[in-house]
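Per Swiss-Prot, ATP binding site is recorded for L11, S12, G13, K14, S15, T16, R119. Among the features that Swiss-Prot reports, Mg(2+) binding site is placed at S15. Look at Swiss-Prot and you will find D33, R57, G79, R137 tagged as substrate binding site.
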Amino acid sequence: MENIVLIGMPLSGKSTLGRELSKILKYDLIDTDTLIEEMEDKSIKEIFKIYGEDYFREKELEIINKFKKESNKVISTGGGLPIYNKNIYELKKIGFTVYLKVPLEELIKRMVKKEYDTRPLLKNNDTKFLEEMYKNRIEIYEKAHTIICNTNYEESLITIVRAYKKWKGI
């Protein structure tokens, strides 16, 4: 499948880079969190509160399965999507996976800078929780086809496009 799948921690810039990549490549943008909100007609915060995290993770798996037969998409995943149910391996089947690796210190700055009320797992700006999440997820994220370790927006875009073209054999 010829999709780009962006993975990484919450606050790593997946949605922002995804929007720009979709414009550059003329691909449709799919934000998995937004898609789930539309499917459920509820915010993620409400879904977690009413149905729980397991239900939300089932919806993520439904989305992965939906895109197994589609191409020309930039898919921006929720931070936990690759982690659960060994989804990282399923994501690699639907496209070129890109881990946006942002240093923990930068993620903490981003979290503290803005209140992330819509992200149920980041409520209360708990830096210890974010640090623990980072440690628990990094090994799985690093199974992506490529890792982008750049906090510079423009350079990240260029690097992703180059790596994707190389992966496609262009």
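Glycine is treated like the rest: Cβ placed from N, Cα and C.
Sequence-distant contacts of G13 (ATP binding site), defined by Cβ-Cβ distance under 8 angstroms and a gap of at least six in the same chain, are L100, V102, Y153, S156. D33 (substrate binding site) and T16 (ATP binding site) have their C-alpha atoms 13 Å apart, to the nearest angstrom. Within 10 Å of the C-beta of S15 (ATP binding site) there are 15 other C-beta atoms, taking all protein chains into account. Here the Cα atom of S15 (ATP binding site) is found 11 Å from that of G79 (substrate binding site). For S12 (ATP binding site), the nearest of the binding-site residues by C-alpha distance turns out to be G79; the candidates were R57, G79, R137.
Note on the binding-site residues S12, T16: the fewest other CB atoms within 10 A surround the CB of T16.
On a Cα basis, R57 (substrate binding site) lies 18 Å away from K14 (ATP binding site).
One residue stands out among the binding-site residues K14, R57, R137 for having the most other Cβ atoms within 10 Å of its Cβ: K14.
The Cβ of G79 (substrate binding site) has 21 neighbouring Cβ atoms from other residues within 10 Å, across all protein chains displayed. K14 (ATP binding site) falls within a helical segment according to DSSP.
When Cα-Cα distances from L11 (ATP binding site) are compared across the binding-site residues R57, G79, R137, the shortest belongs to G79. Max Cα-Cα distance over the annotated substrate binders (D33, R57, G79, R137) is 18 Å. Taking CA atoms as the reference points, G79 (substrate binding site) and T16 (ATP binding site) are 14 Å apart. Cβ neighbour counts within 10 Å, taken over all protein chains shown, single out D33 as the most crowded of the binding-site residues L11, D33.
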